[in-house]
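According to Swiss-Prot, the protein carries these features:
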- Gly122, Ser123, Asn124, Ala125, Lys126, Ser127, Thr128: ATP binding site (BINDING)
Amino acid sequence: MTASTATETLLHKGSGLQVVVGLGQSGLSVAHYLAEQGYQVAVTDNQENPALANKLPATIDIRQFGAIDAELLQQAARIIISPGISLDNVAIAAARAANIPVVSDIQLFCEACTVPIVAITGSNAKSTVTTLVGQMAADAGINVGVGGNIGVPALSLLSNKEMELAVIELSSFQLETVTNLGAQVATVLNMSPDHLDRHGDMLGYHQAKHRIFQGAKSVVINREDALTRPLVSDSLPRLSTGIHAPNKGHYGLITDTAGQTYLARGTERLISADKLKIKGRHNLLNAQAALALGELAGLPLEIMLITLQQFAGLEHRCQYVSTVAGIDYFNDSKGTNIGSTMAAVEGLGAVYAPKDGKLLLILGGQGKGQQFGELSPFINQYVSQVLFIGEDGKQIEQHLRAAGLSDEVSLHQCQTLENAFATIEQVTASSLSQVQAVLLSPACASFDQFDGFVARGEHFSQLVKQLDVVS
């Protein structure tokens, strides 16, 4: 362990020492914020030489690296924990047992923020909806800050003194230490199993997510997912979203006699789904969520609809790549859990099913102990070919077969994306092929073969472009 000041000389907790645990981007933002506020700050991190240590303010000379310093934590007036640090960490648990407050950067942000907050969480689509709402606000001429789990630390937004609205994406890790967020509008977009190794079970995960509703002035609810419904007063303003025709004032979908689907608010048809650049039923829910959040934040509907029509989605999130030889290719490399892949398969599958089209699905990577059999009903309905890649490809195939995968679905062990594309050319060359779209939505982490989901998605897109050149 390295330290520029011995633990024995540190201040006692009654004197206001603020200890930042974890020196990632959020921890660094906390350190700068607290130092600027005039606090005495200490930083501790498990890494011996944290990459961001040289970016700490010079005034912070208490730096305990190599392990989280339990003795240092016991001397804190307040501990600010980074999202990657579990509350079950021995040193953190001991500090909490000693009644030392443990909070996150989000707690500091909501206490300091003086503008309305749009708070967004969910198992999937958080970044898409957060980005979309932020763009809607910007297009409406509002000075908006967008941050949180989306890559920009929330505290850094406070440097914009002209900010009129904050739109923040929140993870369950960030929320588990937040009390009374007080958002102008809050939502849990959807809920599916994720991070259970951290939260223990779905109950713990659900409880963490729903902390977003504490102190909220209004809420948005997904009618299709009972787990998103908050336990809040019936008098609290709320809007809901769903895949069916909505009640008056709420959002949903209306399909006319010709089979055309529209985003709707009550009986009012707002925009045809065909006019949107983002595709799939799940993206229609995302679009509704953004509209509902924007409405409760005071954004004008006409501006939001213009933004929505222009919005092309985010990279690696059901991103349309190209059409080659009549087949559409979609990059959903960010789909690193089964819930995300379910949404992508169902969402895109419903687009091609009316045209008797099927999906070719690329699955695999590091499975994280998930039960992939839950994908079988979705694959049976919308997929004709499954190509497996990565270290857990064979295990995923076993899960699907054991869960009643249809014999009509062809399975291929490909190991790599290069092999997968060779297989794609073979299976789609047949005149009997029903494949109208290829979807990379691995439902797995990527670190067995790539530096991350971005690298995996970029490689997929490059292989598609090579196909395009050849064709």
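Each position is counted from 1, following the chain as shown.
Cβ atoms here come from the backbone N, Cα and C positions, even for glycine.
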Checklist outcome for this item: Residues sitting within 8 A of the centre of the Gly122, Ser123, Asn124, Ala125, Lys126, Ser127, Thr128 CB atoms (ATP site), not counting those, run Ile120, Val129, Leu189, Asn190, Asn286, Ser340
Checklist entry - In the structure shown, which of the binding-site residues Ser123, Asn124, Ser127, Thr128 has the fewest other Cβ atoms within 10 Å? => result Ser127
Checklist entry - Near Gly122 (ATP binding site), how many other Cβ atoms are within 10 Å of its Cβ? => result 28
Item to check | Cβ neighbour count (within 10 Å, all chains shown) around Lys126 (ATP binding site) | outcome: 23
Item to check | Cβ atoms near Ala125 (ATP binding site) (within 10 Å, other residues, all chains) | outcome: 24
Checklist outcome for this item: What DSSP gives for Gly122 (ATP binding site), in three states, is coil
